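Annotated transmembrane segment per TrEMBL: 6-25, 37-56, 68-91, 103-124, 136-156, 168-198, 218-241, 262-284, 290-316, 328-347, 359-382, in sequence order. Per TrEMBL, domain 'Cation/H+ exchanger transmembrane' is recorded for 8-382. Feature annotation from TrEMBL assigns domain 'Sodium/hydrogen exchanger regulatory region' to 479-566. Per TrEMBL, coiled coil is recorded for 504-531. Annotated region 'Disordered' per TrEMBL: 585-689, in sequence order.
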């Protein structure tokens, strides 16, 4: 029924099937089977985690590892203690049925119910095709919070059997978190290296190559669980470490077998888990308490929303690509609970936890609410908020080449700046991997780069031999060069060039070879550092010469300013008209002004826009007579220039006051020299003017 499956997620439908099957078994009079924790943790969970770890998108995971760890560690701790503390308060205020539940029991319940479930997240997020960033944030959190859940679960379970919990016990419990998480990663890395090394020697027995991948991965999970370490972290580490080396050693058929067998195995496990959840709901013993169950559900949602908002506010201070409010909503809404919480609750011992049935009832209620309500409504909400979807098409080779080019570029920029960012350390790791690790873990010539030319020659030779053996040349493969064609049939030319149809596996191999064997741009003859760069012997001399030239130029400018007076700047015709129009009396000639300095102007009119000419400016008393008091008060007198007679040149005909001494005096009077620049805070127009 496509209309139902497009609205309801597959996990919800499987739980409904489990409920129907459980009800049918109970109706017949038989006892329905219950999902036992040993079966879940030993057989059903590992295939799902191995599939997720082996095919983990490593680039987005490593780029967002800091954000994922903050959500997984700090967010899970916040949810566990916030929920446990509030549930303890609810139990103290909730009446006689809840008073006997202590703080440790509530904290244990909080640690069980607080962790996001990877199985439920995978089941829902794979169907809505959310963008890669949000998917890896929520899914990465659900994978890595396993260490926190395991530590808190075993810690509170042990504390429940103690008579008194000391500060030393709390400190040891805090340190056990690092032991559980890092110990699980270490176990996974060891088994991953062993699997890669073993695959180096399987070239003559290709049939058992997939078996080693499954065997060593499962051994990593069992070894971690044996020492109470994080089995999920061990499986992820083993899958991530072994994949690049194993895929370089094994055949294409083995690679296809591993891929489809893992997908099939994880799908079967996921189906069984959700069906058994439904059956166990019908078969289990339940104790319903309205106060406890509704408080658990409400505080779960509140803790998740508050945790995401506060942590995102902190994370966005350090992220380049910020998490938008839409992203925060999807992260908070995608915190689904699942079968891990149910199995951990089922593992509780009746001796120390008499309220186990009530805990299981509340856990099942939260699982059903998150899977049904949030799982069914997240797809319409993603469409409503127009959240970016996942890119369905594969990246082109052009995009991969430019991505690798930008990685090299950013690494070079970090080296020049002396900043050791993640590009620098990634490049160091790649160099170490290429120089030492690949030679040990990858067999034969495949450990040496580039493989592209060898692969091309191999393909060309194979197709040329097939062509000769078949004796036909109607369909010529594109990989066969023109030289080999001429050697086979020198006279005949192909009428039509037919391109071969590449299979998907062959195309994927070519993409992989191109991606891993691009030109390494950072091959340097010697390493350098910005602190140990060799100084140029001529650089100091050039700097001294430039400084001397600059000082000489500044000194020359100062001397020119003080020794030579610039010519008077003549006003434009527009300014002259504006001045005459604003105060015409100031430009009218005055009587008894024969001995005064005279400035003669030609008043420009709109019909004849001529410029103002400076004709004569004589200082008072320059004619040899002492100035009278009236003349001193009158100042400068403006006189109108007389029109020149025709045939005379205004420019080259000297006037009465155009002698060299008069011109020098006029220039000095017009501009006495450079004035000091006004200091800061000094008004532009001095007071009193």
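Positions of Cβ are set from backbone N, Cα and C atoms, glycine also.
Listed by sequence, the residues of this chain that lie at least six past the ends of the transmembrane segment (262-284) yet keep a Cβ under 8 A from its Cβ atoms are 11, 14-23, 25-26, 31-35, 40, 43-45, 47-48, 50-52, 54-55, 119, 122-123, 338-339, 342, 346, 357, 360, 364, 367-368. When Cβ distances are compared across the two stretches, the transmembrane segment (218-241) makes contact with the transmembrane segment (136-156), since 3 or more pairs at least 6 residues apart fall below 8 angstroms. Counted over residue pairs separated by six or more positions, the transmembrane segment (68-91) shares at least 3 Cβ pairs under 8 angstroms with the transmembrane segment (290-316), which defines the two as touching. Sequence-distant contacts of the transmembrane segment (328-347), counting only residues of its own chain at least 6 positions beyond either end whose CB sits under 8 Å from a CB of the stretch, comprise 34-37, 40-41, 44-45, 71, 112-113, 115-121, 124-125, 130, 134, 137-138, 146, 149, 153, 273-274, 276-277, 280, 300, 304-305, 308-309, 312, 356, 359-360, 363-364, 366-367, 370-371, 374-375, 378, 381-382, 385, 387.
Confidence over the domain 'Sodium/hydrogen exchanger regulatory region' (479-566), given as mean pLDDT on the 0 to 100 scale, stands at 64.
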